[in-house]
Every structure is written in C-alpha cells, then in structure tokens.
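Engineer: Sharing the record's features from Swiss-Prot:
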type	residues	note
BINDING	ALA42, LYS43, GLU56, VAL57, GLU69, PRO70	glutathione binding site
DOMAIN	4-85	domain 'GST N-terminal'
DOMAIN	92-231	domain 'GST C-terminal'
Amino acid sequence: MADSKMKLHCGFIWGNSAALFCINEKGLDFELVFVDWLAGEAKTKTFLSTLNPFGEVPVLEDGDLKLFEPKAITRYLAEQYKDVGTNLLPDDPKKRAIMSMWMEVDSNQFLPIASTLIKELIINPYQGLATDDTAVQENKEKLSEVLNIYETRLGESPYLAGESFSLADLHHLAPIDYLLNTDEEELKNLIYSRPNVAAWVEKMKMRPAWLKTVVMKNHIVDLMKQRRLPIKLDSSCHESTVVAQKNAIAIENK
C-alpha cells in the first residue's frame, strides 16, 4: 500500500469527527495520526512549531498545505475535491450562501452551547473534574431554544441549506452525536421530541460515511484509553482498510 500524502492529525474532540466525516464523504485515502489532546500532545514544541501554533486539533496536511480549524479543513476538502465523492457544496450561489449562513449559526449559536455540555458531561468526568450542574441546566435551556429554530427550518427543507446534505449539516452531527452519547436522557429528549430535528439527525447518522467515522472515532478513543496497538476493526468498517503503526493509522477508502 502506497503512503498517502494526506494526513489528518486528530484526537478526541468533536471537530475531529467533522473532519473525518468530510474525508469519508469524499472517499479519500489518508493517514490518521492520533494526537492525545487531553494529555497535552498538541502543546509540544514540535507540534506548535510545525502544525498548529494554537495547539489544537484537527490539523490536515495535504501535500505542502497545512490547515487547522475544522471548518477551514472541510471547506478546503469540499472545494478541492468537489468532483470526488459526495458534493458538499450547493452549486447555486444563493443556496451556498444559505449553507454558509447555517455554518455560522453552528459556530455562533449551536456549538458554544453543545461544547459546554460536552465539556461538563464528558470531558470533565474523564479528567476527574467536577461537573458544573448549573452550567449544564442553563445550557440545556439554551439548547431547547436553539433547537426550536432548527425545528422550524427543517420543516421547510430536509437539510439546512435545502434539499441536499451539505457542510452545514455535516458540522452539526459530530457534537450532536456526543450529546446523544451522554447519560442525560433530557438531552436526548430535546433532540428526539422535535420530529423534524429527529428525522434530520437520523438521516445523517445512517450515512455510510458517518458509520465509518464512528468506527474510526471509537478506535481513537481506544488509543486514548489504552495507548497500544495494533487496532482491529470490526465489520461495520468493512469498506475501509486500516493499518496501524505507533499512533498513525493509514485509511484506504474503497
């Protein structure tokens, strides 16, 4: 198997899942390089000087290009490989503008709420830190208000930018998936009690590219917990070949 020029440095946070999801929608071969973000591996001098001076993941390397920030990575992949795999960018300028608008909504309205809940309910417990119950309750209430707006929008079209799945939808699923995997039934009810939102989430969760992403994400979690290889894939990722060496995983999408 030839070495892939494309590398994705990633770890256990939702922006990494969005980048993985996008690559899998495109069906691109790449090397996944595990970075234990929670253990500070993104803060080393080498990482800061060669990959991302802000010490965050994901980071994409494609030839001589290095990109950080999830939306910059997915936008590049969607444009550079527009004719490969799933088209994630509407061709119509107005629809593309609507897509961009909902990506901004994600950044400014949805993600700050979701990230706080993920931090309090998943990351803090993993690190042995206390959960701020007040912050959790406040952000559940904020999430309910935001999801009411999404429910209205998704009653007008099956996806945020219109009739087709796009980057706007892609970026929402990763944090939603984290929220659905907490022990908070109230969070699940906030999503599934809204029929349009629920249908949107379930359609995205059944996409083959997302099913691959979940398997990869689970193995990132295994790496984080166990820090040992080799990794053995289960049958749900049968369309991808994974070869692991140290913290690097070469992915061939077929």
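A Cβ is built for glycine as well, from the same backbone N, Cα and C atoms used for every other residue.
Just so it is clear, the model here is predicted, and its values are computed rather than measured.
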Engineer: Looking only at ALA42, LYS43, GLU56, GLU69, PRO70, the binding-site residues on record, which one has the least crowded Cβ, with the fewest other Cβ atoms within 10 Å?
Structural biologist: LYS43
Engineer: Looking only at Cβ atoms, how many others are within 10 Å of the one on VAL57 (glutathione binding site)?
Structural biologist: 25
Engineer: Report the DSSP secondary-structure composition of the domain 'GST N-terminal' (4-85) as helix, strand and coil residue counts.
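Structural biologist: Residue counts for the domain 'GST N-terminal' (4-85) by secondary structure: 36 helix, 18 strand, 28 coil.
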Engineer: Pop the mean pLDDT for the domain 'GST N-terminal' (4-85) in here, whole number is fine.
Structural biologist: 91
